[in-house]
Structures are given as structure tokens and as C-alpha cells.
């Protein structure tokens, strides 16, 4: 890798010197005495020339060394640079013109843009021509990339990203001016390279030129490289599966957020959009896929290998480029607009029809989004690729979306309705990204919620389009998004949804539930404030204005504000939403009656403050939000229409109409707002009485919201502990799924705090008392042959309520529930026929494993290995973690990490589920600490995985001893840099604090609950 290879000018001059000398020797005739003196003089002159050349060279080398010392003080950078300098530095310097002296260059390179975490911005890529040869026999690949660059600002440095690539040859040519005029330079437009080197500290590669690149000119950077097809789920990685006892391999890419640089040299930041043409060369037994269709294909006469040339892509960011090399088969369909949709998967999965459902809904979803956004899908095809292992549920690469098998393959015979719902929502999410993400991409990672928040919101809107009876956006959104993310965002370790990102290592922390779920909740709140028609109009303008480009949050606010003004509603969307996106957390809005002296008109007092679980950290009351508060007034027989009140200050009074002592207030109607609502205690009492007497007066969404708010306000100390327990006393009369789901989530939160306390039976008995009558009334599902798990043919809400009640009954120790689960498992073992209804298999498996002997565990372990249905594999594996046998749990933990018996992406779930088991909690916590280095090395770079593991293992810790162990581990292992650790520490501190402040009062209420009267 000497610089001579990439500096033709130096080669030419060096060769010219030696050739001239050779010619002068060869043509010289045999000398005579008369010519000896002349000959001696010539020899002497030549010797002096050589001596002069040596001295000049020595001076140049010394200057070069001094220059390199200045440029390479950073340890990592110095190591990278020395690896690629070769021996050409001195000769390169000899060929510089007078205006390019070494000293001047040393001053200029003092800037060293590669030491910044962001690319310098002097150059913009316009097009990549990428050619790869993929060697599946030894899991390596080699490539050549030619990048067309436009110079924005004059520079001598080309700085781009590489990571773990062995760069071989580098060359730069001047192509033309930006207007298309061909460059007219000596040497055919070849730019002389001073040196090139990697800078590993920032995952960059630097090419230093002799002359500056000129603005408004176009250049071409050519690089060749080699790399390994990794086994770590990022970049260009490999995976495998077994078909008819034969191990087969595939290789696929995962570039988001910053891993395209692992597969080819590129400007790996979202704003550097370019077009791509890709060529893949590989063994003909494999198929290759990419974002675009194959344009042409050829077979080599020499080795029989196939070369596929893919069509040119639209302008897009590097992390959306994708390719795969596999021997999958496919099924396809076509939209009315002519877009070809294919689902690629293992041959046995395709032949069994496991991909048919996802293919069917994808066709419908493309039509839905095109109608909703009024923007057509941009590519001629969309491939869905189901891979055995992947770091995430899915990745929305434009035209080639990649899914882990568990999130796209559906076996109707064994899959539950909840599994089908989850799979549906993953597909809906990824198809939405073809617009929000692929077509319009956030400028930088601080606004990643612009794509993830929208995709998460449309999971519910798009699923409602597919299955209107599921009513996802008005119901499941509340419990699965709003309530879920408020748990995290109520911590002092939370962060704003838009947060600064400087280093590459910071990017991981923005991909969390705050970006996804809070983003979705804020978008839903905004859509409700604007109204459906104006919201759609604003989104249409936003997409059309920024398609094939990038956008920031202000671009969205501007378009939505314009839509509002078009209908005469002058609301500053940006001013309102900046409070919600640039501040962490959310408010608790407290509403209290404030009867004025002038009857019968009544006022309410509304107070807002930053909601935090920790009472000791509520010292920052400076945060305020612009709150769209909807309020309704009700009584025993009816509830009035809602009023919208904008709350801008800490405390405000508003006229609300006529009220009396029996009138109650209800805030945040249907929970469209992203905040909690508290009331004065008399109003809580009236609401609780209303639920007990006639809960139907209050909407199902608000019933679920009251339950969630009450439990969390009590946990944070805003309410007495008995209020939420008294509130859910009405549940035996509740016939809707959503309030039960909201209550069960709150009860499981309490369960993990109390399940190791001496008085735990007081709590479990109370839960069973609430569950018993409705559980016995709903019963267990029947297993109708040929219709197992088919949610399309059943009442989704009824199935989900029945499942929720069975789960609560079995989890908290209902004897009849236990007997039924054991009977199902015994029947399966004796008959070898699984007659357990798919919708409750996970509950039955777990209950059976926890109650029965070791033989049942071995039976489930055997079934886990023998089944081919991915949904069944998942719940069988989780059931193995339910055992009370410490030996078996320890065996499972060791097998999951040290063998290939457990899929790599499922190892984290095994550890977390063992920790959820009260019998395995100490074991999982100890195992996690002992194996942390191995786990961190394997999953540290994968978004979500590390934080999921840390949070999942630590959230159940709730004693002073465990808190101290966590603090000691963080300090001893030096792991406290990422956001997951402060969050974990705060959660455990909160658990310990709850025991200290509230446990006594909580159990006191359970011993003697007051009469509602």
C-alpha cells in the first residue's frame, strides 16, 4: 500500500531520472585515453549529483517525520496513519511545486478535520458505484467503490468513513465542473495523492492531496478494499439455518445507524444522500438482492460465478442501502399500481405458507399509505426478507426490508392472536418507513423520532385500517405506548425527545422508547389538536417538500402550521411543540374545583408541574408546557361535552360551567394528551363512586387512563396508596379488555416489588378477589380444529380479555387455573398431541413448567428444538425460564450463552425472563454480573439490546442489599457511561424508596379496606 502506487506524478519523475541515466550509459562508445579526463569529470559530476540527491532526500525525510509527528499526536490516529504511509512520503514531497512547501502543508494540516466527530462538509457525494465480490466459502468480501464527489469548499482533504475495512488502492480524478464541463488537466485529470490513512478513533479514512479540490468541481474517488463477513449482526454479517439437516448460510446487511462504513467506504451521515449502483458477484448457488431490481445478470466463463447489476437507486442515505446473498425462495404479489412485492425466506417456510399473511397485508398497506399521504411509493419493487437472526425486529431498507423470522412468519395453526397482532404492527411500522425515513430522512440523529415516532404512531393507525374492529389507536395505544413510555419519562434520568448527538457513541442512546413511543404519543396529541384533515394536509406538504432529501423538526412544524393557517387557525405549532420535544418529561395537571362567590357559575383551578417518581428530586419546578387540556363535567347519569383549555402557566383558573357537590370533573378525554391528570381527593372519591355504580358513563379509554394515573400518582407519592386499590374495586363488573389490561400492568409493577415480602399473600389474595368472578364467567377458550389462533375469525377484544384474566389468575395462584394448565400439559405429554389453544399456550407452558417436575422441563426443551414454527419456538423458550428448579435455570443460562442451541438474539430474553422469576432473580443478577464482559462484547453495539438487558435484569431489584450491589458493580466495572445505567440505578432506588415510604401504608389498606359508602 505504498503511496507510489497512488501518486503517478512521483512514479513518472522517478522513472524519468533512471531512464535518462541508463540511456547516457548505453549509447556511449568505448573510451580512449583522450576521453578519460572527460569521463572522470562526468563520473565526478555524477557522484556530486547523487550526493546532492541524497542530502535533499534526507532533508525531506526529516521534514516528513516532523510533519507526521505534528499530524499524529493522537495515539490511535498515529497508529492508523503509520499503517498506510508506506515509503512514498519522501519522494512525494520532492515533487511538490514551490507553492506547496512542506512547512506550509504542516500549517494547513494542523486543522486535521478527521479529528472532529462529524465529517467536514467540504465535499458531498453525488453517486456511488459499488462493486462487490462475496465469498461465502470463507466469509469474506472484496470491493471497489467509485464515488462521484462535488466540492463545496476548497480542500486538500477527502475525509469519509470506514470501519474494519482493509483499504488497498486509492486514487482521485478530476471529472468536470458542476455544470458538466470536462476537466482539462495534465495526467488525464489524475490528482496526486500525498498520503492516505485510516483514523480509527473516529472510524474515518483520510486522503490528503497535493493540490486543493476546487469548489463547484466534480471529482471521483476510487478505493478498493477487503473485509470479513462478520458474525456480529451489524454491517455485512452472516447467518445460518438448517434445512433437511444441512447447515446453510446467508449474508445480509444492517447499516443503521452507522454501520454502512463496515461494508464500504462512504460518507456515513444521513444528510449525505446520494444515488447508488450496486454490482454483486458470487457463487451461482446463491441469489442476491438489493434495494432495486436486477438490471442485468451474467455468468463468468472462467469460474461460473454470477454477476448481478442492480438498477440505480433514488437519492438516499447510506444506512438505507442494503443487499443480501442467500439461497432463499420467494412468493410474490403485485399492487394495482404495478409494484412487485416479494417475500423471501427459507424454502420450507415459503412452501408452508408462513409468509403469505405478511405478503397479503403489505400489498394492502402500500395502497393505504399512498392514499393517506397522497404520495406514491417510489420504487418498482418491495422485497421483504425473513432472516433467522437480526439485531432488531426489522429494518426498513428502501425496497428491501429485512425482518427477523419471528416478526414476519406466521403459522396459523400455532400462532396466537397476540403474536399475529405483534407481527402485523411490525410490518405496518416498516412499510410506513418507506415514506418517513427512506423518502424523507431526518437531517441528523437528534431528530430520529421524526421517523421512528411517525412509524410507531402509524403502527396503530395502519393496523386499524387492516382490522377496524381491533380499535388499536383509541385503545391499545394507551396501554402499550402512552402508559409504557410515561413510566420511563417520569424518571429524572430521562431526556428530551430531541437531544444533542456529537459522538458516534452517542447515537445509540437516541434509539430508545422515548424516541419511538413518546414521539408517537406527541404526534397523536398533535393530530387530535389539529384534526384529521389538516393533519393529513400538513403531512402531505411535508413529504412533497422534502422527498429524496432531509428534514428537521422545524420543517415539520412549519408545514403543519401552514396547514392550520389555511383554515384560519393561527396556532404556532413550533412554539407549542418545542416545549414537548426540547424538554424532558411531562407535566402532571392537577384539576380542582374552585367554587366562586357568584353562584351558579363555577371555576376550576388548574396547576401543572413536572411529574417525577422521586419526591427527593422534585426541585426543578421551572419546566412548563403548553398543555391542550380537554375537560368534561359529569354526574351519575351523564357526562357533558368536552371543552379544550390551553394551559400555559403554572396555575390558572378557568370557568367551566355549573357544578354541584355531586358533579365530577374528568380531564384529558380519551387520553389524547401526553400528561397525567390528578384531582382533589373529593373528586377522586366521586369518580370512584361513579365507576362502582355505573362505569359505562365514563369511556373505556378514560377508565383505563384513570387506573394508570391513579396507580402511578400513588407510587410517586401524589396520592394515598389506597386510592388506586379502591378504584379497581369495580373491576369485577368490567367487561372491556382495555381497563383490565391497564390494571394488570399496574398490578404486575406492584407484584415485582412485593413478591418476596412476608405479607405477599395479602396482595395476591386481593388481586384474585378482583379477578375471580370475571375469570370464571369468561372461562377458557375452546380449540376449534382448523381455526386455531385465527384472530380474523374471532372477536379480538373478547379473546384478549379472556387471555388477560387467565394470565392474572394463573400468575397470582388461582387453584382452578393451575389445575387446568397442568391438565393441558399432561394431556400433551401422554398423547403427544398439543390441544392447547394457541392464544394461551405461553401461559399454560409457563404455569406447567413452574408447577410440575423436571421431566416436563425436559419435554418442553425437546419440543423447543424440534419445532419449526418460529412463534412456537419463542414461547417454548420463555416457558423454560419459569421453573422453580435453580439447577435447571442455571443450566439454561449457561446453554444460552455458550452454545448455539439458543438463537443469539434470544439470549437476552432468557436472562431477563429468569430474572422475572422470583426463584431465579438472584441467579440472573449474579449471572449477569459474572458474564457482563461477554454480553457487552456481543451486544454492546446493537441498539436496544444492551439497554434492554440492563433494564430487564435490574428492574426487579428492590432491597438495600441489591441496590448496593448495583452501585458497586457500576463503580467496579466502569460501565456507567451509557444512559441505561443511570436509569437502572434510579429505578432500583425508586423500588427501595417505595418500600421505605409506602409499603406499610399499602399493606395497612389491604388488611382493612375502607367501605366506599
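Heads up, the Cβ atoms here are built off N, Cα and C, so glycines get one too.
Automated prediction, rather than curation, is the source of TrEMBL annotations.
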TrEMBL annotation (transmembrane segment) - matching range among 43-65, 66-88: 43-65
Rounded inter-Cα distance in Å - residue 430 (active site, proton acceptor), residue 516 (site 'Transition state stabilizer'): 13
Model confidence over the domain 'Aminopeptidase N-like N-terminal' (125-320), averaged pLDDT: 93
Other CB atoms within 10 A, centred on residue 430 (active site, proton acceptor): 26
